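Structure first, then comments.
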Amino acid sequence: MRKDILRKDRKREHIAYYLKSKHGGNTLFDDVFIEHNSLPELNLLEINTNTEFLGKKIDYPIMINAITGGTEFAWEINKNLSKIASKYNIPMAVGSQTIALVDKESHKSFRIVRENIGNEGVVIANLNAHASIEDVKFAIDLLEADGIQIHLNPAQELVMREGDRNFKGILRNIENIVLNIEKPVIVKEVGFGISKDVALRLFDIGVKYIDISGKGGTNFIEIEDKRNEDMDFKDMYTWGIPTAFSLIQCRSISEELTLISSGGIKGSLEVFKSLVLGADMVGISGYILWNLIKGGYEKVDKYMNNLTYKLKVLMLLTGSKNIQDLKNVPYKVKGELKELLEG
Ligand code: FNR
């Protein structure tokens, strides 16, 4: 079978198996305690959720994270999600554009995102970490993207029957991309978390944007296991760094790092706690996709409307007038998260 056809099938299967997966694990956000303030002295109308990301003004520090592209079905998904991104003026990243390097027909499923979001909005390209400078330039140009995500997914590849087995030279390649590409380069995981050591190695070669994409949401070991009939990886379903732990660890490296919290973000508390723990942006993939498949554009719209309202409520209940104030809200850690941080 042609490689591009295989890749298209894989993308469809990822979505089907994502919906069947239990996508469990624990983000450990429940182990973060934030005190309620009964005397906030604020008016809900003056709560300001605006922020800046990749040089553009956006209305909320929430983004639709990488999911898909390539097929007719992906076009439909990207069309709906980019309409949501446009309505709420939030960033959106597309799924891996590897398919776009070899298949012209796939381009429209990616371009629809820029078409719907327009020039004022933030659109982010996506490729794997083996990508050449030419590939990165192509992926950015196709979307007139404001930046590119480079994904690190060794756990996923190793469980995937047809996946990569060699991960040598990747740090060098990322360094080369950062040095030669003018747009911001975001290095991201896909649901297993970025450790402090990995974040430090990335920061040392000039990476300024990291999406931690930790454990607790979409689980690609489980998804790929369901696709792989040769082997059984059930005993590895709990692998990964919980999102809350990964976020605190990476934040401790430098205030200069722009951090995106993702992996298992569903409700307003996870968004809010991410921002209190020091995230600059919060990414959601699986749960937005789930809403879309279950109830179409309207269900995602309702979800986003609730989520953004509740973020304002939580800001008010901690006396936070704007997104910057959230970074100064005190928090305590308990339970497993505390043990991990003290260990
Ligand atoms: C993903 N994710 C992903 N990431 C990436 O960098 N490139 C990609 O092509 C994809 N494809 C993809 C497909 C599907 C169906 C899902 C659900 C997810 C990973 C995604 O961006 C994110 O890092 C993880 O899913 C963790 O976040 P959630 O899903 O728990 O919010």
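Backbone N, Cα and C define each Cβ position, glycine as well.
As written in TrEMBL, here are the features:
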type	residues	note
BINDING	R10, K11, Q156	substrate binding site
BINDING	A66, I67, T68, S96, N126, K188, S213, T218, G264, I265, K266, S285, G286	FMN binding site
BINDING	E157	Mg(2+) binding site
DOMAIN	172-327	domain 'FMN-dependent dehydrogenase'
Nearest of the binding-site residues (A66, E157, G264, K266, G286) to R10 (substrate binding site), judged by Cα-Cα distance: E157
From K11, Q156, E157: binding-site residues whose CA lies within 10 A of T68 (FMN binding site): K11
Annotated binding-site residues R10, K11, Q156, E157, K266, filtered by Cβ under 6 Å to ligand 1: none
Integer Cα-Cα distance in angstrom, G286 (FMN binding site) to Q156 (substrate binding site): 16
For G286 (FMN binding site), the three-state class that DSSP assigns: helix
Integer Å distance between the CA atoms belonging to K11 (substrate binding site) and N126 (FMN binding site): 14
Average model confidence [pLDDT] within the domain 'FMN-dependent dehydrogenase' (172-327): 97
Cβ atoms near R10 (substrate binding site) (within 10 Å, other residues, all chains): 16
Chain-internal residues near K11 (substrate binding site), provided their CB is under 8 angstroms and they sit 6+ positions away: T68, G69, G70, T71, A74, G95, I99
Euclidean distance between Cα atoms of the residue listed as 'Mg(2+) binding site' and A66 (FMN binding site), Å: 17
Residue, out of the binding-site residues N126, S213, whose Cβ gathers the largest set of other Cβ atoms within 10 Å: S213
Distance from E157 (Mg(2+) binding site) back to S213 (FMN binding site), taken between C-alpha atoms, in Å: 16
